[in-house]
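J.: Look at TrEMBL and you will find 16-75 tagged as domain 'P5B-type ATPase N-terminal'. Annotation comment: TrEMBL describes 195-316 as domain 'P-type ATPase A'. Residues or ranges marked as transmembrane segment by TrEMBL: 24-48, 157-177, 330-354, 369-389, 845-869, 875-894, 915-937, 1035-1055.
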Amino acid sequence: LRLFEEKIVMHAPMQEVWGYQPCLWKMILVGVGAVCSGGLLLLLLYWLPEWGVKSTCTPTSLRDAQTLLLRTTVGKDLARLTCATSFIQYFVHHSTKYYWNDVMQNFEVYKRLFFGENEIAVIVPSLFKLLIKEVLNPFYIFQLFSVILWSTDSYYYYASAIVFMSIISIVTSLYTVKKQYVMLRDMVAAHSVVRVSVCRGNEDTEQAMSTELVPGDVIIIPANGMIMPCDAILFNGTCIVNESMLTGESVPVTKTSLPSSDEEATRAYDIEEHKKHTLFCGTHVIQTRFYAGELVKALVVRTGFSTEKGQLVRSILYPKPTDFKLYRDAYLFLLCLVGVAGVGFLYTIILSIMNKVPANTIVIESLDIITITVPPALPAAMTAGIVFAQRRLKRIGIFCISPQRINMCGQLNVVCFDKSLIVKSNLHLYYSFRPPESEAAKAGLVNSTFVACMATCHSLTKIEGELSGDPLDLKMFSATGWVLEEPTEEETALHNLIMPTVVRPPKNFIHEANQNNPLTQNMELSELPACEIGIVRQFPFSSALQRMSVVVRRLGEKHMEAFLKGAPEVVASLCKQHTVPQSFTETLETYTRQGFRVIALAHRQLESKLSWHKVQNLSRDVLETNMEFLGLIIMQNKIKEETAGVLCELRHANIRTLMVTGDNMLTAISVARDCGMVLPHEKVIIADALPPKDFHPASITWHYTEAPTQSGKDNQINLEEIMYDGQVSQPEQSYHFAVSGRAFAVITEHFPQLVQKLVLKATVFARMAPDQKTQLVEVLQGIDYIVGMCGDGANDCGALKRAHSGISLSELEASVASPFTSSTSNISCVPNLIREGRAALITSFCVFKFMALCSIIQYLSVTLLYSILSNLGDFQFLFIDIAIILITVFTMSLNPAWKELVLRRPPSSLISGPLLFSVLTQILTCLAFQVLAFLLVKEQSWYEIWTPQSDACNVSSSSPSPSVNETIPHDHKNIKNYENTTLFYVSCFQYLAVAIIFSKGKPFRQPSYKNSVMIKCCSSCFSASPQLVCVPHDWRVTLVIIVIVNAVVSFLFEVNFRNISSYMSIDRWGRPFLSWLFCRRNKPPRVRYRHLALELQEDTDWPPKPSTVTYARLVYHCGTCNCLLCC
């Protein structure tokens, strides 16, 4: 925190905190204003809390503050400062307690008070509180104002219907919100309060409730497992944990104790760096491995909402607002409708004054125009498409916890894939060998040490008798033919040390190996140095380090051994150079270029004096050095059958696809070519970056690779890298960059000006750490890409959350690791999600245009009727708004998504030239035909000017005037007249016409004629409308002709605008006119990546020429003058 006089700057998650204290004279003024405005001022301050604070308080120091104003990165929130005691001050914001003290004190005194109870308490608001919050919504307040106004004007039936629907809407909303709160509370509270064993002073243990835990407590993990009530760092023992609740990954993971060596002990604890040693809240500890006389212990590091589970619950309770342009434009368009309503308001007042209408009638009718023009149900109507899309996604196995992101899926233009989702998970083990240096060594490629490494260097464990763990470890272990045995609790209790996991060949090993296992074929059991090997210590696989290792002891041997496996380049760098064959690089490239997955193995014999206790304190860096290279394991991941088709579909839809993997660079490039991310004729440019060393600056070497060619017999890929000279012309678009994780880090730090240029054409990102995947998503978003991320939910968790649309492939129905979770095991869910996103987005546009047109059509009808001092009747408003508009809005949202992805994406903005032009043409068309019908009806021979005794319903073609003896009720509101009946009839058909016209089908949704529910509803309304008007039969036929012509003209305008005018008129005069209208002449592209692409097209030095080296500027410190020098 950086302290200022009246504010502090908080870097995460808030930006600024301002202190205020109540001001008496300001509060008095606000009170007077609230009384004078009838409470409207209080409503305004409720909707705008920052205004409420500033209008009732004065700025002050944070020490004296009673009210805090928090300006966050996603909005502005208000929190009250609470003082529990006179010694400590804190406030609670989004379920997180913040402690404020400008004088450093001993936090131990206040630990229990400050951290509070270790409980993720989801407080379910009362129904009254939810009701008040729902009712105070601006649209419900507007509806309340409208109902009062309509009741004053005697529109009781229509007002009652609106009140009834509003009550149903409020009750439904309250039930849904209350149910969600209760479900979340029950889910969180299921295992949040448990009894745990806590270690106190002098190694004494006592039973305590988990709610009493605070950071610094030491808890005991029972042997039969438990649900973790907090985040704790494991410092004694080993645990097998199921983290599917957090990551969506169902494979159990092994958690080991925190290294206790001197070097490790000096490093500060980091939740990401030490997550292999951290037990997260909410995860299920399946089983533990412990010492006789010792206990599996963990140190509490985070409690309550500060835990990993607590942060996920907070993300559900307080989701980040979706900053989608569609919704911002919707509110902007509502302001435009308010402006239109203002024109009608003034028109009504002037017209009424000219006709000497009473003052109370002027007020009511002028305000009535506003309630007609501004549709309060617009936001709810626009979410209908999202609701139906969410249901369709659920039917195909895609579950969503953030529905608002469905619309954003329709705008995706780049999707990042993890390589594990593109290839099959069932690995095919082809070879395991040490590259021989001579022909004599080829006869013994596989030796016992190699097999022992495969059998021991893994993190497998048995759960309920079944071997469980990483699929790669399972495949490698099964290839050895060995078996794994784990000690029971009773066996462990009989020894003074932890009983290790033991691997050994089965009794019938020789017979089965010779017949079924190529790795141990022709090998005798006596050739193995020992039949049983115990795994003494394990260093789990680290994505950042790209390796794992174990310490083992063979049965009967005094010395221990270390086995290492991991990325070949990493393993080779940790081995003695004379043990690494000279053909290592060549052999590695041979197989990685063919798309094989290559794992390297290494071995080291430890000193005999190294005891078991010393091994437990040995650091990983010390152990994993001076290894002896054993060989390579060659495996093949075949491309999934669905992968090529999905990527081809995305490419035809102009959606970029990227591969982000932790695998080898050449393997990733080969897989990218095989699956179609990189086409055969396209080149791949590898950006190989090196960090600065000594006085040499950081550099990037650009290597060009050619497309692969097929060899004849074995059908293997033979990729030849060709270095071109500077005379070869550079490709314009047929190239892709490939970047490794190490190069990405160097370029980000030393070449920041090249990062955006690089990611613009980069397709392959290899050896990427989890945090680098997140950083890549941020860079893509920085150049205005709408980014989708498809991962497995474990290592990709950060990127899945950071992307605009993250989808995790998991067997679970829902996972908080990402907004979307797919139960399918392949990437076919991605185009399905994009299709539904596009359909939902287009539905939102269609509903918006329809609601806007309905308001304008009704506005035109009422304005024309006001000119003859008339208006629509109570039941006419009721029929239009309920039977036509409401039903049509929800039925037109039922159109399912189109079966294919097209090249262009739906528009993202409502305030755009084409959309405004479409709405404007429809408004003019409807106005023209309403005016035509309004004028034609006055030219009919049977037309009569309204009088209180006249009634249009008593006029027919054969009886132009009512009977003298017939008693007719007075119509003082001038509703039963020919103009009213005619405009009502014409407008009813206009609503239906624009609904069908705006309900677009291809290329984003299924055609409207396949929406049987909408067709039936529109047909019913079309059939019923002629029966509701009381006019002569001949005029009724004329009206049918008018509305048919109206529909045809509206349809031709819309279709011609889309198919012809968009290419001819709009390009020739419309687009320049709109550009002039919106002052967008000669402006660069609105999105950064297009602007960047234009710059690179004009840059003759990009991409860099083959084999060239780009150097960073070297910056060093001058000791004499204390300045920075660049060269």
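In case you wondered, yes, glycine gets a Cβ from its N, Cα and C as well.
Could you tell me the structural context for the features on the list?
T.: The DSSP breakdown of the domain 'P5B-type ATPase N-terminal' (16-75) into helical (H, G, I), extended (E, B) and coil residues amounts to 29 helix, 16 strand, 15 coil.
When DSSP labels each residue, the domain 'P-type ATPase A' (195-316) comes out as 29 helix, 43 strand, 50 coil, counted as helix, strand and coil in that order.
If one looks beyond the transmembrane segment (157-177) by at least 6 residues along the same chain, the residues whose Cβ comes under 8 Å of a Cβ in the stretch are 127, 130-131, 134-135, 140, 143, 146-147, 150-151, 380, 874-875, 877-878, 881-882, 886.
Sequence-distant contacts of the transmembrane segment (330-354) (same chain, at least 6 residues past either end, Cβ-Cβ under 8 Å): 361-362, 365-367, 369-370, 372-375, 378-379, 382, 848, 852, 855-856, 859, 863, 866-867, 910-911.
Away from its own ends, the transmembrane segment (875-894) comes close to residues 155, 157-158, 161-162, 165, 377, 381, 384-385, 387-388, 843, 846-847, 850-851, 854, 858, 975, 980, 984, 987-988, 991-992, 995, 998-999, 1008, 1011, 1013-1014, 1017-1018, 1021, 1024, 1028 of its chain (Cβ-Cβ under 8 Å, at least six residues beyond either end).
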J.: Do any residues, 6 or more residues outside the transmembrane segment (845-869), come within under 8 Å Cβ-to-Cβ of it, and if so which ones?
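T.: Distant Cβ neighbours of the transmembrane segment (845-869) are 326, 330, 333, 337, 340-341, 344, 347-348, 351-352, 355, 357, 365, 368-369, 372-375, 377-378, 381-382, 384-385, 880, 885, 888-889, 892-893, 906-907, 910, 915, 918-919, 922-923, 926-927, 930-931, 934, 946, 974, 977, 979-980, 983-984, 987, 990-991, 994-995, 998-1000.
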J.: Same chain, outside the transmembrane segment (1035-1055) by at least 6, Cβ under 8 Å from its Cβ: which residues?
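T.: Answer is 918, 921-922, 925-926, 929, 932-933, 936-937, 940, 982, 985-986, 989-990, 993-994, 997-998, 1026, 1029.
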J.: Roughly where does the domain 'P5B-type ATPase N-terminal' (16-75) sit in mean pLDDT, to the nearest integer?
T.: 82
J.: Which residues, given as numbers and ranges, are at least 6 beyond the ends of the transmembrane segment (915-937) yet have a Cβ under 8 Å from it?
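T.: Distant contacts of the transmembrane segment (915-937): 845, 849, 852-853, 856-857, 860-861, 864, 907, 909, 943, 978-979, 982-983, 986-987, 990, 994, 997, 1035, 1038-1039, 1042-1043, 1045-1046, 1049-1050, 1053-1054, 1057, 1066, 1070, 1074.
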